[in-house]
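Trainee: From Swiss-Prot, for reference:
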type: COILED; residues: 49-93; note: coiled coil
type: COILED; residues: 516-583; note: coiled coil
type: COMPBIAS; residues: 29-40; note: compositional bias 'Basic and acidic residues'
type: COMPBIAS; residues: 43-56; note: compositional bias 'Polar residues'
type: COMPBIAS; residues: 286-303; note: compositional bias 'Basic residues'
type: COMPBIAS; residues: 307-317; note: compositional bias 'Acidic residues'
type: COMPBIAS; residues: 448-461; note: compositional bias 'Polar residues'
type: REGION; residues: 27-61; note: region 'Disordered'
type: REGION; residues: 78-98; note: region 'Disordered'
type: REGION; residues: 129-154; note: region 'Disordered'
type: REGION; residues: 286-327; note: region 'Disordered'
type: REGION; residues: 433-464; note: region 'Disordered'
type: REGION; residues: 541-570; note: region 'Disordered'
Amino acid sequence: MSGNSGASESISIEETNRIRISLGLKPLDISEEKPQKELSDASVKSSYVDQEQQAYENWKKQEQEEINRKKEEELKSKFEKLRQKNERRRRTQGKTLAETLAEEDDQIDANDTRAWILKMRNSSLNKNGNGLNFEAKNDAPRRSTLHSQNAGPNVNSSLEGMKIAHGFQDLNKNDGLVLTLKDADILDEDNHDLLENVEMVQRKTKNERKEDNPYKPYEDENDFLQQSEADQPSEDTFTTIGPQNSLTVNSTIEKHKSDNKKTFGTLVSFVEPTITGSEQSDYRQIKIKKSKKKKSKSDRRKRLVELDAENENENDPSDFVLPNGQSNSDLSVEQDSAIFKEQKKMKIQKRMRELETQSFADDDDLQQSIAMQRRLAQKRAKILKPEDVAEQLQNAEEVTDMTDSDTASGLIFDDTRAFVNSIKETENREALGSINEQAFEDSKDLNDTNSITGSSPTEESNALVEDTSVDISATLEEANTQQENAEDEPLVSDNVGAVLSLLRNKGVIKVSDEAKEKIQKEEEYNKWFARKQQARVELEEQRRKKKEQDRLSGKFEKMTQKEREQYAKKENERWDKKIAEIELEQFHDYKPQVDIKYVDEFGVELGPKEAYKYLLSHQFHGKGSGKAKTEKRLRRIVEKEREERKPIF
């Protein structure tokens, strides 16, 4: 079947080609079976062993090529070394420069250095076309004595054309002159070689310095330039050596030509140039601003406290007291100043609360705050009259009567009623506090007046103080009982905090262990702080009583001013030491609660990662976030604040 099909295919292809040729087309290619046969033969031969053999042969061929390449490089390097060696040998062969010159001129002495130098100079000039015919067949003398009468037919003419930087009168000496080649600038092409005598040049410069008149170079720029030009000689006289060593004195010519003069620097003028109206600039002169010294915050705070105390002392109408205990102002002035007294007391109470709640970092701050508190207590110690105490007690009774009448009329539960009740409660507390403080000041000031006048306290004043203390204690007990009864159960109408405390007490809201521990720590800290303040108050009370005893005993009357100051200093040191000991004992039970919080410049609390990024990394490297990140962060802060401002309900 296969053979018949192949014959039919071959016949069909041949017939097709015959038809295509008759039509004038290109016949089909019949050689398709040959590449298939070759491919089949190659596939048969390409076995695994043949591939390994071919790979080995390729590797051997590559290794041989590498070895041949290395050998070729070694041979090239050897040939290069030999070529360089032969080149060096070729260059070193032959005669040296000294041998060549000696052969050219056998008459020149090898030890004569001057003759050799002149020979070299002549040869270099001959190369440039400007040389002199040096034909020194005789010995070149080291010292030349120049005389015009010695010129003869057999004189050496090697110096013909050279110039001497001296006049004929200077050269006409019997003992002769030693001429040397003058130093010249190698960049100055116009300068020719000159012969000069060193001694004559030095003598000439010395004489010129003596003849020069002193001048002031900073007076004017033009004068300075004229004087500098006068210092430099513009003209010079020289002598030329002619044929057969004949001397020709040349006329004076300019030594420094303006066209050929070369300056290798900048002329600096120390004179301030005058600016005309057209040359004036719009720029202002730079002024150095001195930095002002900034005052520290502590100095400013101290100054503010002192100013407040001075203003209180100046504006207080009760500062001036007569010996009989009456004020120098009448009753109307006292009534007008009642508001001012209340404002002043509120300020003092606020300042005392700030001092009490202040945390002391070290002993220095503690001593400063105690001294400030002592000064404020001394400044606000004023005399309080019995009439004022009675008036304040009467006002307190009227307030209590008003509250009783309001409560008896009935109960009205609304926002206005709650607001008014809260105001009255605060007024009652402030009134009670002011009564207690005034009674304390009254007793203290009465003792002060008695000690100043030298009289003992009267029975009437003692009775008045006892009555006021009894009334104050009674009112305080009543206020405490009312406050305890009111604080037994929080009112729902007060605020959200009262509602939360009520729900917490009833057990509706459960408190977590962490919150309980935090609340317990806060309570322990508050108790510790209260004990600390109570101990300090008791110590101050003992100190005050001790001072009163010393004042009443008459101890200070026998002392001088200096002894009083020393005694007061010792007492202050003793009490300060005692306060420090009490503080140290109290700190044994102190357990600080440390809570580290990171806050950025916008007041936003940060986590540890953000704090490291913004507060440490950016500040250390001195760079911040980009514009896009900063705007995104600000938008997030604004959105967070907007969410917090939304109402709860």
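Each Cβ is built from the backbone N, Cα and C atoms, and glycine gets one as well.
Help me picture these features in the structure, burial and contacts included.
Mentor: Remote same-chain partners of the coiled coil (49-93), defined as residues 6 or more beyond its termini with a Cβ less than 8 Å from a stretch Cβ, are none.
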Trainee: Can you count helix, strand and coil residues in the region 'Disordered' (78-98) using DSSP?
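Mentor: Reading the DSSP string over the region 'Disordered' (78-98) gives 17 helix, 0 strand, 4 coil.
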Trainee: Determine the mean pLDDT over the coiled coil (49-93), rounding to the nearest whole number.
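Mentor: That region's mean pLDDT is 90.
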